[in-house]
Amino acid sequence: MATLKEKLIAPVAEEEATVPNNKITVVGVGQVGMACAISILGKSLADELALVDVLEDKLKGEMMDLQHGSLFLQTPKIVADKDYSVTANSKIVVVTAGVRQQEGESRLNLVQRNVNVFKFIIPQIVKYSPDCIIIVVSNPVDILTYVTWKLSGLPKHRVIGSGCNLDSARFRYLMAEKLGIHPSSCHGWILGEHGDSSVAVWSGVNVAGVSLQELNPEMGTDNDSENWKEVHKMVVESAYEVIKLKGYTNWAIGLSVADLIESMLKNLSRIHPVSTMVKGMYGIENEVFLSLPCILNARGLTSVINQKLKDDEVAQLKKSADTLWDIQKDLKDL
């Protein structure tokens, strides 16, 4: 007796298992992981989305909640499991998992605890998706990108830290607000370490090709009567502010990660400030990851733009590199 489905649907092609073309995995279904997931779904970037976490109930609940929105999405397959086999054949894997910083905990201690988490996660990712590109989002992102590169054995063009992509977006938003224009028409770059010691490249800030520093030579300095330096200060403090108000940040980082993925899956060769291996650049001698303007396309992070930086900006970059190396050199089991 034919089933309803057999009566309804007459097959033309033989049934066979299809390998996904644009599969994306998100590791960690906390606030940031789910913001990445919904941003990826909203931009219809994946034909399959896989979620992984150690918390099975939370994981299944998030998967079901997203699946129930399938009518409103163009991602035909949403799966989840604590077993990494569910991630097989991913083009891109986003890592948001990790332990949170406890009150009064040193960064080195936090990093070492996250290294221990990553020692389990990263080999599993590479086992099931040996050709993937890994985007690291967990903090401190620059150090954990280095850790991921070391643990994965992947070439450096396939291990990328979300880095200053969000810092630069915040910078452009805040400047654009001051000027009354859209952030996409306000160009400016935050480079270096994601967070407190990031570098605002004031010399490159422009609107429609007009250098703002030429209009106001004091821009970004302490002598500036308009106090533009405050904008960079607000960028650095903005995450702390949001965390103080709502307990965490997630929407903007989720959107910024989807932006990076779009450049790669659509082979756009757009330029983003993301964390990459900077040894040999700007006189940096150690294997550290910092944000520089990088070209992202289907192969991953294929090139770095040689940004003309002023001496004090280079000095700041080197200082960041030294700070990071001080922590990295003491990490165990890499």
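Just so you know, glycine gets a Cβ as well, placed from its N, Cα and C.
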Please state which member of N139, N216, N223 Swiss-Prot lists alongside R107, R170, T249 for binding substrate.
N139
Would you mind telling me which one of K58, K156, K318 Swiss-Prot calls N6-acetyllysine?
K58
Can you tell me how far the Cα of N139 (NAD(+) binding site) sits from the Cα of R107 (substrate binding site), in Å?
10
Pairwise Cα distance for K7 (N6-acetyllysine)/D47 (NAD(+) binding site) [Å, integer]:
28
Helix, strand or coil at Y240 (phosphotyrosine), per DSSP?
helix
Largest inter-residue Cα distance among R107, N139, R170, T249 [record-listed substrate binders, Å]:
24
Spatial neighbour of A2 (N-acetylalanine) that is closest, considering only the recorded positions S39, S44, H194, T249 and their CA atoms:
S44
Rounded to a whole angstrom, what is the C-alpha distance between H194 (active site, proton acceptor) and D47 (NAD(+) binding site)?
31
